[in-house]
Amino acid sequence: MSDSDSSPGSTTSPDIEKAALGHVEQVHTNERVPGHTNYYEKDGLRTYGDGEDHDHEPPMSFKRAMSLIAMALRFDNSSLILPTVWTGSQIPVYLFGGVPPYIYADLGGTDRWIWFVLANLLSLAAVCPFVGSLSDLMGRRYVAILGAAFVVLGMIICSTAHTMNIFIAGMVFAGVGAGINELTALAVTSELAPTAKRGKYVAVLILTIIPFCPSVLWGQLIASKYPSAWRWIGVLCGVYNFIGLLLTAFFYFPPPRINSQGLTRNQVLGQIDWVGGALSIPGMLLFMMGMQWGGYEYAWSSVHVLVPLILGVVLLVAFFLWEAKFAKHPMFPKRLRQDPRILGLTLVITFISGANFFSILMFWPTQAFNVYGHDPIGVGIRGLPVGFSILAGCCIVLWLLSTFRGHNRELLIVSSILMTAGCGALSIGRIDNLYQLWGLLVVAGVGIGGIVVPASIITTIICPDDLIATIAALTLAIRVIGGSIGYCVYYNVFVSKFVPAAIYYIGGAMELKLNITDPAVITEAIGITGISLLPLLQELPGIKGVPGAYELVVEAGQIAYAEAYKYVYYVSIAFGIVSIIASVFLGDIGKYMDDHVAVVMH
């Protein structure tokens with residue numbers, strides 16, 4: 001501890017124990033951590049009093065370096081659309097998410113395939129808050145190993161599935177592991193880095209995803225080889241995560257968690273918010289499942305939608321009441337609110353960016369082949385601008401956050417403007433102007449990347465050292481909830497526009513140019529176009545054996561899709577404006593950007 005941290009009495013006394021006692025006596029009440037006397041949080045934020053030097057960055061030892069490498073290989077942060085941020089646990093949803101027609105052509109389930117993406121993301125968000133607080137209390141190592149094991153198990157199930165339901169179940173396990181690994185990688189990297197350098201550390205971590213930035217292209221090239229070739233994607237992801245698991249098991253040995261030192265096992269278990277976990281996990285799952293079912297598979301007024309929605313809301317309300325009034329050791333302690341304004345607005349921006357992120361994550365890959373053709377290489381190339389630009393946005397803003405030691409408001413304002421302008425401008429897309437969209441995809445990607453991960457890092461900077469995983473988990477959950485609600489809005493808007501457009505363009509082309517007037521045939525053609533299994537069109541009466549008929553109907557479908565997609569991007573503008581407004585009122589985190597290291601690893 002530096003002399004400046006000690007009281008005058010302690011600096012003049014030759015007795016070391018007396019000096020230490022003098023130092024402890026000057027700890028303010030708001031710096032003490034309830035139930036812990038072995039350390040304190042200076043100014044309610046920074047860990048001291050545990051006998052470690054937290055004021056200087058430790059040298060990059062082999063153990064410390066391998067811990068960071070292990071985290072890089074095990075994590076992929078769902079923040080960069082189909083090829084995103086770190087690696088490992090999230091690449092399944094990005095690789096599989098680029099090839100859904102190949103998967104449901106082999107497994108069936110054309111009416112529910114979207115759930116393999118949604119199930120992954122929703123399970124990820126549901127477990128994060130509980131696991132985040134668990135990780136902060138019990139340590140990262142075994143939680144991280146458990147997360148990797150879940151992803152490996154999920155990939156085994158997916159690769160061997162013979163029905164869509166089993167495949168979806170595998171993605172649920174992968175999503176649980178992805179959530180655990182995402183918050184673990186963020187927390188570990190943040191706590192090993194000096195506070196002022198967290199942006200740079202995480203930026204370097206993010207760069208490890210570069211080989212997977214063309215994940216749509218890789219997925220297309222793998223899946224297009226033969227009907228069941230998509231299964232090799234699961235093998236690739238499973239092996240990759242297994243390597244990450246081994247690296248974590250052999251090289252990641254963090255020091256014991258300071259907030260569980262001196263406690264018996266029963267005391268540690270007693271500090272876990274079991275009731276909060278039992279309320280939050282099913283509450284979030286039921287609420288988000290109801291949101292996704294509504295308007296997609298079932299009417300909003302149906303029991304299938306209303307029951308999970310109502311139960312989810314009731315459980316979440318009960319969770320908030322429990323946390324606020326009754327929990328002795330709440331999942332989200334009041335100590336998180338060291339700077340309520342910055343925290344609250346950053347979480348709002350995270351929620352909104354999640355909604356806009358989903359407009360790209362869930363819609364651009366399908367637009368890339370529904371509007372511009374199904375050639376595997378072409379589809380893969382059209383996914384490149386998004387992946388690389390989101391990667392660039394993340395790294396640039398994170399690096400600048402550390403370089404400027406703050407100025408988060410200006411950085412998030414610029415990122416929000418780019419996100420809003422880029423996503424909104426994608427509405428100009430037609431079947432004949434793909435060349436105009438390349439630059440817009442880059443603008444949108446840079447804006448999204450400049451918010452999603454940096455916002456999480458900002459929250460770790462303004463929260464107590466011993467709650468880093470808790471706040472990382474909260475931002476992740478809020479981002480996915482925002483994305484879930486955003487996707488629900490986007491999809492219902494999309495369907496409401498696509499159906500009449502498909503009837504007009506596809507039905508019109510078939511009736512007026514091919515003289516096909518049978519409503520059943522026209523309806524089937526629209527249905528085939530809707531599930532993107534276009535080769536089946538060639539078997540329809542009036543199209544089979546007629547030169548140019550197939551191409552005519554395909555082009556009509558592309559026009560219908562283009563007309564519908566633009567409304568998704570119109571709606572994204574509204575979300576973006578809210579993000580811009582919230583960014584304007586952010587406070588600056590410059591005063592928190594010091595050289596303090598949360599966890600010292602020798």
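Even glycines carry a Cβ here, placed using N, Cα and C.
Here is what TrEMBL records for this protein:
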DOMAIN    62-591  domain 'Major facilitator superfamily (MFS) profile'
TRANSMEM  113-131  transmembrane segment
TRANSMEM  143-162  transmembrane segment
TRANSMEM  168-189  transmembrane segment
TRANSMEM  201-223  transmembrane segment
TRANSMEM  229-253  transmembrane segment
TRANSMEM  274-293  transmembrane segment
TRANSMEM  299-322  transmembrane segment
TRANSMEM  342-364  transmembrane segment
TRANSMEM  384-404  transmembrane segment
TRANSMEM  435-455  transmembrane segment
TRANSMEM  467-493  transmembrane segment
TRANSMEM  567-586  transmembrane segment
Contact yes or no, the transmembrane segment (168-189) and the transmembrane segment (467-493), 3+ Cβ pairs under 8 Å, gap 6+: yes
Within-chain partners of the transmembrane segment (113-131) [C-beta distance under 8 Å, separation at least 6 from its ends]: 78, 92-93, 96-97, 100, 103-104, 143, 164, 167-169, 171-176, 178-180, 182-183, 273, 276-277, 280-282, 284-285, 288-289, 292, 296, 331-332, 362, 470, 473-474, 476-477, 479-481, 483-484, 487
Cβ pairs under 8 Å between the transmembrane segment (299-322) and the transmembrane segment (274-293), at least three: yes
Considering the transmembrane segment (467-493), which listed stretch of 143-162, 274-293, 342-364, 384-404, 435-455 counts the most C-beta pairs under 8 Å: 342-364
Stretch-averaged pLDDT - the domain 'Major facilitator superfamily (MFS) profile' (62-591): 87
Annotated stretches the transmembrane segment (435-455) and the transmembrane segment (342-364) touching (3 or more Cβ pairs under 8 Å): yes
Cβ-based contact of the transmembrane segment (342-364) with the transmembrane segment (201-223), 3 or more pairs under 8 Å: no
